[in-house]
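J.: I'd like to ask some things about the structure below.
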Amino acid sequence: MSQEEIAREAIEHALKALRKRHLLEEGAHAPAFIALARPIAHQGSEWKEKAESLELELQQCYKAQSRLSEQLVVEVAESRASKASLQEKEAAVADLQKELTEKRDECSQLTADLEEKIKALELVVSENKEIRAQLEEMSIRAKNAEAESKVLIDRWMLEKMKDAERLNEANALYEDMIERLRASGLEKLARQQVDGVVRQSEEGAEYFVESTIPSACKSRIHAHEGGCASILFEYNSGKLITGGQDGSIKMWDTNTGALNHTLHGCIGSVLDITITHDNRSIIAASSSNKLYAWDVSSGRVRHTLTGHMDKVCAVDVSNSSRHVVSAAYDRTIKVWDLQKGYCTNTIIFPKNCNALCFSMDGQTICSGHVDGNLRLWDIEKGKLLSEVAAHSNAVTSISLSRNGNVVLTSGRDNVHNLFDMRSLEVCGTLRATGNRVASNWSRSCISPDDNYVAAGSADGSVYIWSISKADIVSTLKEHTASVLCCSWSGHGKPLASADKNGIVCTWA
């Protein structure tokens, strides 16, 4: 039974009791009233007052009933609101209990995961300790290997020095024989029999002739649009090969100045070119981060060598025509197998390389860098063999002499240095008033008889030095723009030069 019903019954019960009491009083006094009507007539007024009092009391009871009813209604409304609130709170308590259960389950799962992570961390820590121990052991081995390598390099350098001394003796013997044979008219026979300055390793190689000092422009060719950054002659031939900003490779007859052949397929500017010693393949370094290798006879691209992350600015090929080395502005030198067309080794260094060349042994390369240093590398092991500060500014060119004993470097400090390959000591320094190196890839060259050096200048001149006298013997003026590169024919003449406007001049 609800509280409302209980309150209603209590009020009705109180009203019934009050009526009953009133009736009982009236019944109790009725006989006496009849019997004593006359004697007690005077008491009627009292009863009337009593009746009025009772009626008033009844009215007050009705009023009390009304107030109680209103209070009951309020209490019933409050009871209902409390009941609804209680139900909401019970539902909220149920939700909280459910959430608490979920959180407890989640906490249990996280605890289990934490235990697994702790076990995994302990395992990693133990593995780390083992790896550290292995690293320490490997570090010790590496130090020992480095020490052994240094000893071996010292021994190798000593052997190279001995070989160089023997080669010098052979060269001296050769020069002595030439002097004696000149008198008897057998100079040509002596050149065929003695392997001194010229190497006749390739089939069909022509014999050495002395270089002439050029003095006049033989031909002027508009070779490329936008400039010509690299030129070279075929081995034992008078054909000139040029590479330009227009991305083409062109082959010229220097006797007539006629264009013989054009190779297409290079994307980007040609920054450097080289040719195999059998004249069958031409390799170009390009600004598109790639190298291109053409088959000369078919004129088709044989290989596209990819792997550099920035422009490739220097390239050279070994005497065996098997390996190619390239340098790019991604601070790497890559060694390529030309027959298979893929990279076999990568050398990483801290400063960009502008120029490089192979040594005569085909295993060592020389590289010139923007920090002015000349470095020697073992391409098979990728190890730095030696390093020397060649210039106070960036090295722009490296050329090896025909006998392999001297390397020529040119730098942005406008100095041309000759280094002894055996000791990397300076054996000659060439400079001239007005000679200014035009760019970071300005190429100089040594004459085939190793007697002269040619280098272009920003003022459009080509300077010729005598190595023995360390002095200018000729200054050639024909170009109207900065001269970027020079190349000397293996026949001793002509000399070729190219400028920023794409003009190529041959000199005789």
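Placement of Cβ uses the backbone N, Cα and C atoms for every residue, glycine included.
A TrEMBL annotation is a machine prediction, not a hand-curated record.
The coiled coil annotation in TrEMBL covers 79-184. The domain 'Autophagy-related protein 16' feature in TrEMBL is assigned to 43-168. Annotation comment: TrEMBL describes 352-400 as domain 'Anaphase-promoting complex subunit 4-like WD40'. Among the features that TrEMBL reports, repeat 'WD' is placed at 221-262, 263-304, 305-346, 355-387, 388-423, 447-475, 476-508.
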J.: Between the stretches 221-262, 305-346, 355-387, 388-423, which wins on the count of C-beta pairs under 8 angstroms to the repeat 'WD' (476-508)?
T.: 221-262
J.: Should anything in the same chain at least six residues away from the repeat 'WD' (447-475) have a Cβ under 8 Å from its Cβ atoms, list it; otherwise answer none.
T.: 197-198, 208-211, 213-215, 397, 401-403, 406, 408, 410, 416, 418, 428-430, 432, 434-438, 481-486, 488-492, 495, 497, 499, 505, 507
J.: Taking only the residues in the repeat 'WD' (476-508), give me the average pLDDT of this model.
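T.: Within the repeat 'WD' (476-508), the model's average pLDDT equals 94.
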